[in-house]
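Trainee: One structure, pasted below without further comment.
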Amino acid sequence: MKPAQDTRFDYVKIGLASPERVRQWGERTLPNGVVVGEVTKPETINYRTLKPEMDGLFCERIFGPSKDWECWCGKYKRVRHRGIVCERCGVEVTESRVRRHRMGYIKLAAPVTHVWYLKGIPSYMSILLDMALRDVEQIVYFNAYVVLDPGNASNLSYKQLLTEDQWIEIEDQIYAEDSDLYGIEVGIGAEAIQRLLQEMNLEEIAEILREEIAQSKGQKRAKLIKRLRVIDNFIATGSLPAWMVLDVIPVIPPDLRPMVQLDGGRFATSDLNDLYRRVINRNNRLARLQEILAPEIIVRNEKRMLQEAVDALIDNGRRGRTVVGANNRPLKSLSDIIEGKQGRFRQNLLGKRVDYSGRSVIVVGPKLKIYQCGLPREMAIELFQPFVIHRLIRLGLVNNIKAAKKLIIKGDPSVWNVLEEVITGHPVLLNRAPTLHRLGIQAFEPILVEGRAIQLHPLVCPAFNADFDGDQMAVHVPLSLESQAEARLLMLACHNILSPATGKPIVAPSQDMVLGCYYLTAENPQSQKGNGRYFGNIDDAVKAFEHGLVDLHAYVWLRSEDPNEEVVTDLPDTEVLKTETLEDGSVIKHYRERRVREIDGEAVSQFIRTTPGRIIYNKTIQDALTVA
């Protein structure tokens with residue numbers, strides 16, 4: 001047995017695999033010395049016995065048993081035969097889950113190019129060969145020959161393209177009796193491309209390119225730099241350009257491309273099985289044609305069909321006609337499974353479903369503090385259930401977990417009190433997809449609310465790029481003390497006032513907040529109710545408005561706490577409009593926006609002309625600053 005691999009690693013690097021590496025992935029030597037791993041038959045399962053066909057796409061000898069601890073022929077059953085390889089069928093007695101990671105391979109009768117490197121943007125194959133993509137395609141798909149060695153012919157050059165007619169003409173000249181031509185070699189298909197790539201000396205080409213770059217400029221220089229960058233990457237990773245042409249293709253584990261039986265006895269299968277079957281059929285047919293020395297034109301056509309089959313397997317529809325299945329639906333290739341929103345990376349690896357998380361619509365919570373969020377009770381009891389159960393048992397309200405769950409389902413009032421205690425000081429993380437920057441996920445202190453919607457402070461919306469037209473957000477509960485501390489110290493919404501990208505404030509009032517501020521402080525000459533009334537303090541003015549004694553925009557006089565307080569107005573307010581002397585000798589000076597009472601030239605009280613709306617606005621800001 002192989003020693004257990006150390007699972008610790010720093011990073012994963014994706015690169016080109018050599019034919020030997022691909023073979024290693026799928027090849028295994030059985031204890032009896034038999035080497036298995038090559039898939040040679042297109043069959044999947046036997047429709048009578050419903051067992052996988054040997055050497056086929058679901059072969060138990062290559063990929064492992066379909067049933068736990070049971071070989072294909074049934075000679076060995078049960079776990080006591082663990083590790084034995086059946087002498088009759090050659091299947092190792094082990095768990096069936098090995099079929100999720102054991103791979104196979106198909107040895108191709110002729111090399112084929114990898115469609116990603118040929119038809120990708122940019123085309124690395126054409127950049128490396130310093131040829132036009134159209135020309136490389138002509139060679140790969142058997143539409144043109146390429147000169148591999150011009151020999152002593154003066155009218156031929158290395159990598160020159162030739163049509164069928166041109167090559168026949170040159171061939172006639174070579175085989176003529178009086179011909180002095182020799183050493184001419186031409187090729188066609190992926191084999192010719194493989195030969196050209198094998199003949200490349202990367203270090204030498206890189207040196208030549210560096211010299212040329214120093215002497216050139218403009219578009220030519222940019223093209224040379226592009227080619228040099230690709231060559232340098234090949235040198236740095238230790239990959240060979242010839243590996244872009246495939247001699248062996250891997251067959252992914254059968255449980256990742258399953259075949260399941262439906263109720264009516266029919267089978268549903270992964271599209272990959274159809275694509276692999278096409279490759280194997282064409283590969284076997286090509287091998288047979290080569291064996292019987294079939295005419296070149298037939299062999300060449302079969303090689304082209306094999307190239308197209310491998311292209312469809314790797315990336316269906318990238319080049320040529322898309323391969324379709326039943327109902328004219330395009331078959332899903334390996335690329336389709338990996339890429340996009342529903343692909344393996346974004347759907348299954350990055351987008352895993354996790355415990356202790358919930359999701360709901362967001363609504364505005366204007367009464368919340370910026371670092372708070374409203375969490376529906378129904379969601380909170382589910383998210384914090386383990387914590388609530390633990391606390392219920394510790395408080396002695398229940399004796400075991402089962403009783404605690406019953407109490408929670410019943411909705412006992414004591415449960416809500418315990419939940420309040422549990423969530424106090426326990427931050428939760430709110431995330432809105434797509435999380436485009438680090439402020440897309442922030443921590444908040446949960447406040448229990450009625451209803452089924454998460455309440456969010458309107459000021460944090462710009463960071464999440466959220467609005468309240470049906471947006472949804474996910475809630476996550478940090479479990480460990482370290483994650484809770486990190487959430488509180490680094491991720492709490494009140495610590496994320498500035499954008500990390502620009503350094504400018506990302507928390508700024510907008511829309512209805514700006515409208516509300518404007519409405520509170522605006523003027524409205526039609527608001528006359530309570531106009532000209534005097535109030536001794538802010539609270540009296542606010543209460544008068546709340547009881548409907550004055551309008552929000554009516555001008556009233558409010559006593560200032562500091563008689564010498566400077567009142568800021570749009571226009572200078574220094575001109576005394578009227579002076580009034582009282583019986584006690586004090587003087588009241590009437591200004592446009594204030595009234596000041598003075599005794600012996602010293603101000604003893606001051607009334608400011610304002611509106612209840614402006615008083616409320618000022619009071620709210622003062623209260624917020626005082627609390628902070």
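Our numbering is plain: 1 for the first residue shown, then up by one each step along the chain.
Cβ coordinates are placed from backbone N, Cα and C, and glycine is handled just like the others.
Just so it is clear, the model here is predicted, and its values are computed rather than measured.
Sharing the record's features from Swiss-Prot:
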- Cys71, Cys73, Cys86, Cys89: Zn(2+) binding site (BINDING)
- Asp467, Asp469, Asp471: Mg(2+) binding site (BINDING)
Trainee: If you skip the near sequence neighbours and keep only those at least six away, which residues in the chain come within under 8 angstroms of Cys71 (Zn(2+) binding site), Cβ to Cβ?
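Mentor: Non-local contacts for Cys71 (Zn(2+) binding site): Glu60, Pro65, Lys77, Cys86, Arg88, Cys89, Val91, Glu92, Val93.
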Trainee: Tell me, if you would, which residue among Asp467, Asp471 (binding-site residues) has the fewest other CB atoms within 10 Å in the structure shown?
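Mentor: Fewest other Cβ atoms within 10 Å, among the binding-site residues Asp467, Asp471, is found for Asp467.
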Trainee: Could you state the whole-number distance in Å separating the C-alpha atoms of Cys73 (Zn(2+) binding site) and Asp471 (Mg(2+) binding site)?
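Mentor: Counting only the Cα atoms, the answer is 57 Å.
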Trainee: Taking the Cβ of each of the binding-site residues and counting other Cβ atoms inside 10 Å, which one has the highest number: Cys73, Cys86, Cys89?
Mentor: Cys86
Trainee: Other than Cys71, Cys73, Cys86, Cys89, which residues of the same chain sit close to Zn(2+)? List them in sequence order, counting a residue when its Cβ is within 8 Å of the Cβ centroid of the site.
Mentor: Glu60, Trp72, Gly74, Lys75, Tyr76, Glu87, Arg88, Gly90, Val91
Trainee: Taking the recorded Mg(2+) site as Asp467, Asp469, Asp471, identify the other residues of that chain whose CB atom sits within 8 Å of the mean position of the site's CB atoms, giving them in sequence order.
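Mentor: Other same-chain residues with Cβ inside the cutoff are Ile362, Ala466, Phe468, Gly470.
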Trainee: Taking the Cβ of Asp469 (Mg(2+) binding site) as centre, how many other Cβ atoms lie within 10 Å?
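Mentor: Asp469 (Mg(2+) binding site) is surrounded by 7 other Cβ atoms within 10 Å.
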Trainee: If you run the three-state DSSP split on Cys86 (Zn(2+) binding site), which class comes out?
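Mentor: Once the DSSP labels are grouped into three classes, Cys86 (Zn(2+) binding site) ends up as coil.
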